[in-house]
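Engineer: According to TrEMBL, the feature transmembrane segment maps to 35-56, 234-254, 261-279, 317-338, 359-382, 455-482, 503-525, 603-626, 638-660.
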Amino acid sequence: MEPGDKVPDSASYGEPKKYDPSFKGPIHNRSCTDIICCILFLIGITAYIVVGFVAWTHGDPRKVIYPTDSRGQFCGQHGTPNAKKPFLFYFNIMKCASPLVLLEFQCPTTQICVKKCPDKFMTLLNSYKTAEDREYYQQFCKPEADFSKGPVVVLKNKDCPAVITPSRPLTQRCIPAFQKKKGVLTVGNATTFDDGERGQTNVTKLLEGAKKANVVLEARQIAMKIFEDYTVSWYWILLGLVIAMVVSLIFIVLLRFLAGIMVWVMIVLVIVVLGYGIFHCYMEYVDLKGEPGSDVSLKELGFQTDLQVYLHLKQTWLGFMIILCFIEVIIIVLLIFLRKRIFLAIALIKEASRAIGHVMSSLVYPLVTFVLLVLCIAYWAVTAVFLSTSGEAVYKVFDNEMMCNYTGKTCDVQTFNTSNILKQCPDAQCLFAFYGGETYYHKYLIFFQFYNVFIFFWISNFVIALGQVTLAGAFASYYWAFKKPGDMPTFPIFSSLGRALRYHTGSLAFGSLILSIVQVIRVLLEYLDHRLKAAQNKFAKFLLTCLKCCFWCLEKFIKFLNRNAYIMIAVYGKNFCTSAKDAFFLLMRNIIRVAVLDKVTDFLFFMGKLLIVGSVGIFAFFFFSHRIERIQDTAPSLNYYWVPILTVVVGSYLIAHGFFSVYGMCVDTLFLCFCEDLERNDGSPERPYYMSPE
């Protein structure tokens, strides 16, 4: 280590550690820290369980799964009268083009559950011509519809639609079956239809209503295609993730014995992989020259549901090539400037490899963290669904003409037909609007949702903190063992985990709480930004952007400080604030080392993850896009081949990150211990260094 690496004037950052012959690494005689925060954390978890129980008592996920008719009944739910009626049918879908759809998120027309969607045009009047037509038409009417009273009375009572049109089920809703023939929009081979009230109507009116009735039509189509791709490719995706795990494990094992060679091989391979990516993008760009339509810009094309269309544009591949070139140049420039520091980083990685070799159980511990995080996410998601579906059915007055004074007000579906509203507004209807309520619980439902988000962040950050302090304690035991591994505990991971849970639950909860508060503020800022997107106030947008940037930086700093504070907690067993201060001062006294050595190792680990992800990703690309001739028939046929590729890439990154996070924590722990070792000892026989000669 070069002498210039240490800041000479460090008086303002506390006194350097002094030689202590009794110090042998993580202190065993310690006491509980931050007890108040520990109690608050346990109270918070207890309250979270109560919120979950209340949500599960009031919530009903069926409101999300099944469409709901005008009476608040679910379509297609087993054990109900509508069990064999899975589809929702709109009496007059043209009314869905009303502004009320955007205000109330509900069509101002009667909706019932049906066994199947209609497959032909027919008016109520025409259905009276034959008994067969009347029986067919009656399945699209209310159960209490009485055809013996004649069509006029049936229409007046709003028991049946005036007309039915050929429809197809889409997301369990009957939507008119639109087709285009020679550029002309048709439904059931017709461009007009008898609406049963005003005579012939153009089918474009149906289209306007259908668009408003299902505003997420195209998004749902994409989702269904993506779901289909997952159903036929999930085992190949799983195989790709297994390959990523095996490659990561092999890489870690090789790093244990060939750290220096592996780092340089990794650097060269990353440059080669990025270079191949640039070459491939260039060849695709050249091949598209002269192709009709390839010169269309992304802005002109706009959003398309078939995302493969973008791969037929030159601009797409040009953009990919520019991004890869930028990354390649940045990496090469960094390597040129950091070439001397890479040798020092390799020595630190070698030491980390030795530490992990003596604490092999550390490679398995990320699975514990992963399982705990999955449980946290699952509990949060289930609670959120139950909270959002814990409202009661709310009925409101709908009047398509919007001339009624009662429009939009709540009503009682049981007594509506005998109320004064119908006398003043003969065309008004009492229809299901949404799920809500006026009880004390429903009024404060938003606070329960907020608490669900906040406590989720707190518990998740606590789980991550527990993993960090556990690994830090184990690796600190390795560093401060003068005779390795003889002076190390028998089970360093279990010893460290036991100390963390017994003495420092409060300190971990304290650090997690601070981070969670910042993250919740960031979520609120994102929510405000989403709400203000349509606003024209440029100052408000500028201020919000500045706040988002500041809190992003604050979150990164707190994560960095917490990580090092947890290392000090694992070693000395002090409270969070004292540990954070000691860690910060120690880093500031060695700020040059932090900047040029610790961060170089982070850069090398990032390149390792990039290499693993890039290698697996390229293989997945050639496989799922049928580019490998010998196994073309083996690869599944997909709507979007990027779906499994993206899944494999993201999954590979998470797997590689899990393995490298152990190395990262090991390097950070050894680095802090190394800085402290330099302050405590001088390398003489009386005060020898604990570090290895390298």
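From the backbone N, Cα and C atoms, a Cβ is placed for every residue, glycine too.
Unlike curated records, TrEMBL annotations are generated automatically.
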Engineer: When each of 234-254, 317-338, 455-482, 503-525, 638-660 is checked against the transmembrane segment (35-56) for Cβ pairs under 8 Å, which one has the most?
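Structural biologist: That would be 503-525.
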Engineer: Which one of these stretches, 234-254, 455-482, 603-626, has the most C-beta pairs shorter than 8 Å to the transmembrane segment (359-382)?
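Structural biologist: That would be 455-482.
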Engineer: Which residues, given as numbers and ranges, are at least 6 beyond the ends of the transmembrane segment (638-660) yet have a Cβ under 8 Å from it?
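Structural biologist: Contacts of the transmembrane segment (638-660) (Cβ under 8 Å, skipping residues fewer than 6 from its ends): 225-226, 228-230, 232-233, 236-237, 240-241, 244-245, 248-249, 251-252, 307-308, 363, 366-367, 370, 605, 608-609, 612-613, 616-617, 620-621, 624-626.
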Engineer: The transmembrane segment (455-482): which same-chain residues, six or more beyond its ends, come within Cβ distance under 8 Å?
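Structural biologist: Tertiary neighbours of the transmembrane segment (455-482) are 23-26, 41, 44-45, 47-48, 355, 358-359, 362, 365-366, 368-369, 372-373, 376-377, 379-380, 488-489, 492-493, 495-497, 499-501, 504, 508-509, 511-513, 515-516, 519-520, 562-563, 566-567, 569-571, 662, 665-666, 668-670, 673-674, 677, 688, 690-691.
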Engineer: Should anything in the same chain at least six residues away from the transmembrane segment (317-338) have a Cβ under 8 Å from its Cβ atoms, list it; otherwise answer none.
Structural biologist: 267, 270-271, 274-275, 277-278, 281-282, 284-285, 288, 298, 311, 596, 600, 603, 607
Engineer: Taking residues 6+ outside the transmembrane segment (261-279), which of them lie with a CB under 8 Å of any CB in it?
Structural biologist: 251, 254-255, 320-321, 324-325, 327-328, 331-332, 335, 342, 345-346, 349, 604, 607-608, 610-611, 614-615, 618
